[in-house]
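Some notes on the structure that comes next.
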């Protein structure tokens, strides 16, 4: 097992060299496919191996632990120098201060701090299993998609940009390695290192095009994520100075054991720091700006950042520490921020028409729901949170790829331009529909989780948190439905255009169809998943097993599921042969012979454009974004003051 | 609740619901007419209308509309069965909103300006109502500690309205929107000369329109059922009280319909959400405090 895990972490880092040095396009593509293939196989193999071995929690070290410790220390310093150099190069020197302070803090404590007991650096348990499968499978599929996409991006659409594909593909592999390392680490110092790598690679990926906008947005992402890194560094400092440990699980257990009692807040302090770091990484308000800015990057990197990896690092950490957040100040802070983000981001999603931006807001909103679940820290909410993580990773990655493919084919990713996509590009439209349905329709994964989450929030002990969370979820569900349904209706609408040529590459389709297949498999397999993966996971975390969802409801879900697929199909087949007299739509008598043109005031035919509602005066970014940032900042500051102030 | 009783309830809903709601609709027209100083049609008029619609020649702007409308009807009926057979209340709400999506898709598939406008207004209506519908399920969960409808009824000796007055007020408020009554008949209109024409159903004729009408009857059955749920207890005689309450609410809706003029959708959204937060939110907060 040690060897497999070592390979899983180190191989992507080493493999990244290959696309970086090979510049022949075909040859490089081959090695990227091969690398992604190996990562998929390796992650699935490791997971299966561990599952068959009985699913016992393993604590272990990589071989040559001392060497790795050295590499990590050196790596931290190297990243600090890189950030400093780049921020001075682009005249944003202030940002380097964040990097210098935290790196020197961690390195200094390692050198001059008290001697620590040597504990295993890595751990393999059920949550790790779920995460490596997501990173390995969804992440690698994005890698495969990226090859074809980046080809089209440079050859057909953005001839003016410098071709830095080698760099781009190499960064994707670095990302995989860092994510694998992150989910295995139990030493905070290791976790901190991998955390910083994901921050820096995302910064480099967002700035890929080197346009002014890209550079600005990439620095925005950098400073927000570095601020989160400061949170981890602070947690390390508190851990070393107050408890003489940097082991994540020791810190969590201390917080759980001393959760009730007189001097509790000192034990909560590292948890609060970690939670703060995770909130920045998972782009919750007030740190949502970086994820929205990340839209300037080419689609594969947005998909990578949004679905499988980067943002999942944040919620992964939150799920880890959630047992220590049950019914205390930190948990309340996380739950409120999450619930608020769920509602605010879904309102904002109504007012935008850029497809990728809708996806970005919906990502933030869904992460908000997951974060809220972890903040509660009950078995049901963790059950819901892990389910949401899985479903969200698959459907969001698929949606991003699909919107990217649509943009490469039609030249626009605006929702308004997708009128009648079903008639023009049926394959892309079907994938888009499966993805959208997965995000909000009964009985897909999101709804199962929402059901469990709502139930758990009502049971939360703190009265005002519970009431607020219930309201957030109820209103957020309504707004979520609004923006997805209007998108769906756009795709299925009528179109004046004929079926046209699809420029989407084969490998893009392979990746997207595989995602669609996984989506359906996940829905069908959810009772199995709940029984065999989530149950042991919650047993590990809470020591008890609870039947979250009753068998009766599972049966209803399956009936609904069959309904969603079967009822429309049967009805379609039954009504196919119905005789109908084709008529044109009602336009007050102003039709010009078809449904798409009308007689204008000058008497000439004019094309009719039907637009969706965007409610800019109620839900617009201008109106809501700044207040949302202010409210969420206020919540964080108040709770941090309570925890930090109470600790000393 | 045994399987047999569940099946019987489901079948009763399936058969009786259209008759009862159709009849109520007939009385609705009659009472409305009297309020406006007209004689009004026979109380059986809704059934004659439905029969006529089914017999009409099938005209359509987009044939794929028909299967979506049928799916809409099927899903509403499925939700109703889940409700009256006593399953999970929250899942009934989820299933209803899935059904509504098919209506939206059916109406936008035609590329008609009037139905597109109606559709978006319909979406706003759904968005206005959904929080309250979910909150009703939450309220019953708080009071009865289960979402399961049969357990909700079996588990109490006093009607839930005592714990959930705020939820009841909020729910009755959004019923006006759900029933497409003035001042919130925003997505469709009873009067064809107005700017929305027939809104979301503009392009539906003949049997398509008949099916939408039927689906609405089935949906109204569920909604009035939820009203009844506030008054039901484990005592069988409470059914009388529930029916009386349903009739009172129904009459109130007619009264509101005939005494108010249509508002803009912005106002509807604000009003519906405002009432939801104030009435249901306060009730929720107090109930949480009481339950500790």
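Backbone N, Cα and C define each Cβ position, glycine as well.
Predicted, not measured: the structure shown is a model, and the values here were computed from it.
For A:30-51 (among others), the entry in TrEMBL reads transmembrane segment.
Sequence-distant contacts of the transmembrane segment (A:95-114) (same chain, at least 6 residues past either end, Cβ-Cβ under 8 Å): 73, 76-77, 79-80, 83-84, 87-88, 189, 192, 219, 222-223, 226-227, 229-230, 232-234, 236-237, 240-241, 244. Among the features that TrEMBL reports, transmembrane segment is placed at A:95-114 (among others).
The domain 'NADH-Ubiquinone oxidoreductase (complex I) chain 5 N-terminal' annotation in TrEMBL covers A:121-152. For the domain 'NADH-Ubiquinone oxidoreductase (complex I) chain 5 N-terminal' (A:121-152), the model's pLDDT averages out at 91.
Summarising the annotation, TrEMBL assigns transmembrane segment to A:167-184 (among others).
Taken from TrEMBL, the feature domain 'NADH:quinone oxidoreductase/Mrp antiporter transmembrane' covers A:185-473.
Residues or ranges marked as transmembrane segment in TrEMBL: A:190-209 (among others). Beyond the ends of the transmembrane segment (A:190-209), by six or more residues, the same chain brings 72, 75-76, 79, 82-83, 106, 121-122, 158, 161, 164, 167-168, 171-172, 174-175, 177-179, 181-182, 215, 217-219, 221-222, 225-226, 228-229, 232-233, 236, 248, 277, 281, 293-294, 296-298, 301, 304-305, 309-310, 313 to within a C-beta distance below 8 angstroms of the stretch.
Per TrEMBL, transmembrane segment is recorded for A:221-242 (among others). Same-chain residues lying 6+ beyond the ends of the transmembrane segment (A:221-242) with a Cβ under 8 Å from its Cβ atoms: 83, 87, 95, 98-99, 101-103, 105-106, 109, 113-114, 116, 188-189, 191-192, 195-196, 198-200, 202-203, 206, 250-251, 266, 269-271, 273-281, 287, 289-291, 293-294, 314.
For A:329-351 (among others), the entry in TrEMBL reads transmembrane segment.
Under the heading transmembrane segment, TrEMBL lists A:358-378 (among others). Long-range contacts of the transmembrane segment (A:358-378) within its own chain (CB-CB distance under 8 A, at least 6 residues past either end) are made by residues 278-279, 282-285, 288, 291-292, 294-295, 302, 306-307, 311, 314-315, 318-319, 321-327, 331-346, 348-349, 352, 384-385, 388-389, 392, 396, 399-400, 403, 415, 439, 446, 449-450, 453, 456-457, 459-460, 469, 472-473, 476, 480, 483-484, 487.
Here TrEMBL flags A:384-407 (among others) as transmembrane segment. Long-range contacts of the transmembrane segment (A:384-407) within the same chain: residues 127, 130, 134, 138, 141-142, 145, 149, 298-300, 302-303, 306-308, 312, 315-316, 319, 322, 355-356, 359, 362-363, 366-367, 369-370, 373-374, 413, 418, 421, 425, 428, 431-432, 434-436, 438-439, 444-446, 448-450, 452-453, 456, 504, 508, 511-512, 515-516, 518-519, 522, 526, 529-530, 534, 537, 548, each at least 6 residues beyond the stretch ends and with a Cβ under 8 Å from a Cβ of the stretch.
Annotation comment: TrEMBL describes A:428-448 (among others) as transmembrane segment.
Taken from TrEMBL, the feature transmembrane segment covers A:468-488 (among others). Sequence-distant contacts of the transmembrane segment (A:468-488), counting only residues of its own chain at least 6 positions beyond either end whose CB sits under 8 Å from a CB of the stretch, comprise 335-336, 339-340, 342-343, 346-347, 349-350, 355, 358, 362, 365, 368-369, 372, 376, 415, 418, 433, 436-437, 439-440, 450, 453-454, 457-458, 460, 612-613, 619.
For the transmembrane segment (A:509-529), same-chain residues at least 6 beyond its ends with a Cβ under 8 Å from one of its own Cβ atoms are 137-138, 141-142, 144-145, 387, 390-391, 394-395, 397-398, 401-402, 405, 427, 430-431, 434-435, 438, 443-445, 448, 554, 557, 561. Residues or ranges marked as transmembrane segment in TrEMBL: A:509-529 (among others).
Here TrEMBL flags A:624-647 (among others) as transmembrane segment.
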Between the transmembrane segment (A:329-351) and the stretches A:30-51, A:167-184, A:624-647, work out which stretch tops the count of Cβ pairs under 8 Å.
A:624-647
Count up the helix, strand and coil residues in the domain 'NADH-Ubiquinone oxidoreductase (complex I) chain 5 N-terminal' (A:121-152) according to DSSP, in that order.
27 helix, 3 strand, 2 coil
